[in-house]
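J.: Here's a structure for you.
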Amino acid sequence: MYIPSARTAIVQDDKGGLKIDRNAPMPQPRPNELLVQVKAVAINPCDHKMYERFPTPGAVDGCDFAGIVVQLGSDVKTFQIGDRVCGAVHGSNPSRPESGTFAEYTVSDGEFTLKLPPNLSFREAMGLGTTGLSTIGMAIYKGLMLPGSPLEPAEKPRTVLVHGASSSVGTMALQLIRLMGHIPIATCSPRNFELVKKYGAEEVFDYNDPECGQQIKQYTGNTLAYIIDPFTDVKSVALCYEAMGRAGGRYACLEMYPEFALERRSIKVFFALGMALLGHSLDLAYGYERDEDPEMRSFGIGWYKVLQELLYQGKLRPHPLRELEGGFEGILKGVQMVKNKEVSGQKLVVSLE
């Protein structure tokens, strides 16, 4: 199969933003990696946060992708050229600037790449939010330490609060928690109540209501012990801690937490950083840095095997999509829309076919 020597990609510029590079270098897959021709991408908050927090001119942005395998690393045994796949990588990575997904081609670790079933299109696969699936797996098992598996549900259900559940991360968390045999409850804006219930929430609360925390506490009988918080700002931490039961519990956040989050000793805080699931060291800062972690990598490989089986069984329903036209120009527009908080209850997807 012909592979060009260069590709079009969206890279960081030297002014703290993004630009389209029509002559970006073609990445070479390492022994355990795949080279994928990208057919669709999804846009995540991390796609603007990475270049804002960790400026690296020339680094390719983007984390989620779906496409076709065009080249195999020397150690890859479980994929073939032509396989339809999806996955997530560390975009705008200072340690590997060529690795983002907003490009005609990207590289992906074979252990963290999912094969698409025939009935799932590239666009629909992006509704799964593969970056979010990585993060939620870490939050559920390493942060909340919930028993059970989506393939072998727990015998005794726990109630789990998913704060801000109308995002793709939220709807995937709701489904996975249900599959594990637990009871998800949720917060979101009232306009998304029905959406969140369709994805498995037992009860939903308005996170803009000043009494939201107390309402959750009353609903759970002051016994709530498990919370996932994608926002992790001062307001969300305060709400989640108000909702937490008298005895405390486990709080898994998806952003770096403010210092006061550690003041309530009965609450165990865990920062679930999805890009750390691969077990590689992260040359970042501000609490996002990580040492190499073979145990986390082993866990991540096992989690992706579970996700692959769930895909084959058709047990994960993609988040509602909003497709943007314009290819790479559409991606730039979408990143700005997410940055400006113009998206609610939908996953922005751009086709590159």
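Backbone N, Cα and C define each Cβ position, glycine as well.
Swiss-Prot lists these features:
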type: BINDING; residues: Cys46, Asp47, His48, Lys49, Ser189, Pro190, Arg191, Asn192, Tyr207, Leu254, Glu255, Val343, Ser344; note: NADP(+) binding site
type: BINDING; residues: Thr131, Gly132, Leu133, Ser134, Thr135, Ile136, Gly137, Met138, Gly274, Met275, Ala276, Leu277, Leu278; note: substrate binding site
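Give me the local environment of each listed feature.
T.: In the three-state DSSP scheme, Tyr207 (NADP(+) binding site) is classed as coil. Sequence-distant contacts of Tyr207 (NADP(+) binding site), defined by Cβ-Cβ distance under 8 angstroms and a gap of at least six in the same chain, are His163, Gly164, Thr187, Cys188, Ser189, Ser236, Leu239.
Long-range Cβ proximity for Gly137 (substrate binding site), meaning a same-chain Cβ under 8 A and a gap of 6 or more residues, is found for Leu176, Leu277, Gly300, Trp303, Val306, Leu307.
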J.: Taking just the CA atoms, what is the gap between Leu278 (substrate binding site) and His48 (NADP(+) binding site) in Å?
T.: 21
J.: Pick the one among the binding-site residues His48, Arg191 whose Cβ has the fewest other Cβ atoms within 10 Å in this structure.
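T.: Output over binding-site residues His48, Arg191: least Cβ neighbours within 10 Å is Arg191.
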J.: Three states by DSSP: which one describes Glu255 (NADP(+) binding site)?
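T.: For Glu255 (NADP(+) binding site) - judged by DSSP and reduced to three states - the answer is coil.
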J.: Sort out the sequence-distant neighbours of Cys46 (NADP(+) binding site) for me: same chain, 6+ apart, CB within less than 8 Å of its CB, listed by position.
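T.: Listed in sequence order: Cys63, Gly91, Thr131, Gly274, Met275.
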J.: Work through the binding-site residues one by one (Thr135, Ser189, Gly274, Ala276) and point out the residue whose CB has the fewest other CB atoms within 10 angstroms.
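T.: Looking at the binding-site residues Thr135, Ser189, Gly274, Ala276, the Cβ with the fewest others within 10 Å is that of Ser189.
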J.: Helix, strand or coil by DSSP: which one applies to Gly274 (substrate binding site)?
T.: helix
